[in-house]
Amino acid sequence: MWPNEPANGPTASSASSPPRRRRQSFTMRGSIVGISDGLRGTSRGHYALLHGLDMLVSMFLMAPAVVSYWRGTWALMDHYVFPDQPNLSNLVSVAIGAGCHTLFTMVQHPLERHLHPDKHRLMYYVLSRVYTALFSFGCVNSFRGVWKALDEHTGLNPATVAALTAVPVVALGCMRALRNISAPPFVIVTDNHENYFQVPTMFHTSSRQTLLYILDCLFSVLVVHTLVVFVWRGGWCIFDIYLFPRHYAWSAWGSLTLGYCITIVAFSLQPCMMSVVQRMSGCCRVLVVDMYHLFSFVGTVNVWRGVWNLLNHYLLPGNPVASYWISHLLPFLLLVLLNSANSILVRGVYIDAEEEGGQCVEFPIYYLRLFFQNRRRKKLMRQHALGKRPPGSHKTTLLDNNHQQNHSPSPPSSRKSSKEQPLQPCLSHGLSHGMSHPHHHNLRVQLPAQLPASYKDIPESPV
């Protein structure tokens with residue numbers, strides 16, 4: 001159960017004809033941008049510094065802001081929506097959450113076609129942020145409705161909690177959808193216009209197959225997303241039961257400390273895990289990836305629980321309604337200004353270990369690196385426009401960056417030598433929520449005389 005306070009809640013071929021269409025993979029939360037290795041090629045120390053700063057931004061800025069929004073929205077629903085009739089209140093949240101998720105999943109393609117900054121910039125920015133606000137509200141309600149219904153009908157018996165956690169974990173693992181439990185601080189979602197409205201479904205059914213597409217959307221929302229809520233509630237309740245259950249503040253501080261310690265360890269293990277899974281294949285690879293996601297999830301749920309309960313305890317305890325409104329509004333405005341409001345959303349279904357190599361365990365926390373990559377892109381474009389060859393271009397890596405899409409490079413055995421290697425798309429990762437990024441760090445190519453057209457598609461800076 002969420003904390004026993006007025007505010008409770010939480011929160012990824014053969015030669016036969018016709019050829020079989022290759023399944024398209026998506027980045028985590030449908031919003032993570034791959035970084036071109038050109039930024040790495042300039043200075044390893046510089047890139048490592050930016051990587052470290054991105055981790056700090058994710059842990060100490062993005063994650064607390066997202067948790068604060070969820071806490072405020074959840075508590076406002078507790079306060080205003082049938083507070084004396086919990087079952088009806090839960091039902092309203094379930095209806096809002098399922099309705100918003102299903103609607104925005106089904107209309108993603110019309111939104112992508114008709115809302116674009118090149119058509120009407122002001123209208124796009126206003127309506128896209130309204131979309132994020134509505135979808136965020138729906139995400140919180142989808143969790144709240146299922147979560148509080150479980151609280152009402154199953155309680156906090158340890159055996160029941162364990163069963164209601166283990167079964168969904170196994171179910172998600174069997175569906176290769178366990179990565180969808182991921183959330184900040186292991187995910188940063190920037191609000192770039194490319195694929196802003198994209199919500200991948202479980203089976204990636206084409207919207208032209210209307211009936212199958214509707215069934216795919218319903219399965220993704222009503223089955224996969226609900227199982228994610230079960231896992232989150234179970235992880236949260238376990239620490240409610242065993243971590244200083246009689247000392248609310250101690251329990252909150254303990255969760256925060258434990259969560260950040262596990263998060264730091266998970267980030268530190270990332271290079272090792274990438275090397276390990278790159279050498280694996282089949283079920284063993286998926287199992288190792290899922291275990292790593294579960295380990296990071298323990299850190300995630302503790303960070304969320306710690307921040308959430310500390311806000312309950314310290315943020316205007318004498319005026320809870322004002323505390324809820326502050327927690328609801330200010331973090332959302334901050335995330336909009338930081339161009340990362342989509343970090344709030346829990347949307348889409350992403351498949352475990354779908355990417356090649358070690359990218360399936362690389363956490364999508366690009367923020368400052370996108371900013372500096374964008375500056376570098378603009379500089380090179382200016383030099384190209386002036387007819388100048390960029391200094392050091394003989395050793396600069398420039399990989400095509402297709403935002404929010406995973407384009408798998410050819411397998412290592414088929415790659416050419418570094419001198420002959422053509423430009424290739426940079427693979428992006430995927431939780432979320434859940435949860436991606438460049439992996440071929442040693443690839444070096446010369447800058448061509450003419451910049452590729454796709455080079456213009458590198459997303460704008462998040463800040």
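Each residue, glycine too, has its Cβ placed from N, Cα and C.
Residues annotated as region 'Disordered' in TrEMBL: 1-24, 382-439. Feature annotation from TrEMBL assigns transmembrane segment to 48-70, 123-143, 155-175, 211-232, 252-270, 282-301, 321-338.
Taking every listed stretch (123-143, 155-175, 211-232, 282-301) in turn, the largest tally of C-beta pairs under 8 A with the transmembrane segment (48-70) is reached by 123-143.
The listed stretches are 211-232, 282-301, 321-338; of these, 211-232 has the most Cβ pairs under 8 Å to the transmembrane segment (155-175). A Cβ distance under 8 Å defines the sequence-distant neighbours of the transmembrane segment (282-301), meaning residues of its chain 6+ beyond its ends; these are 10, 169, 173, 176, 178-179, 181-186, 231-232, 235-236, 239, 258-263, 265-266, 269, 273, 276, 352-353, 360-361, 363, 434-435.
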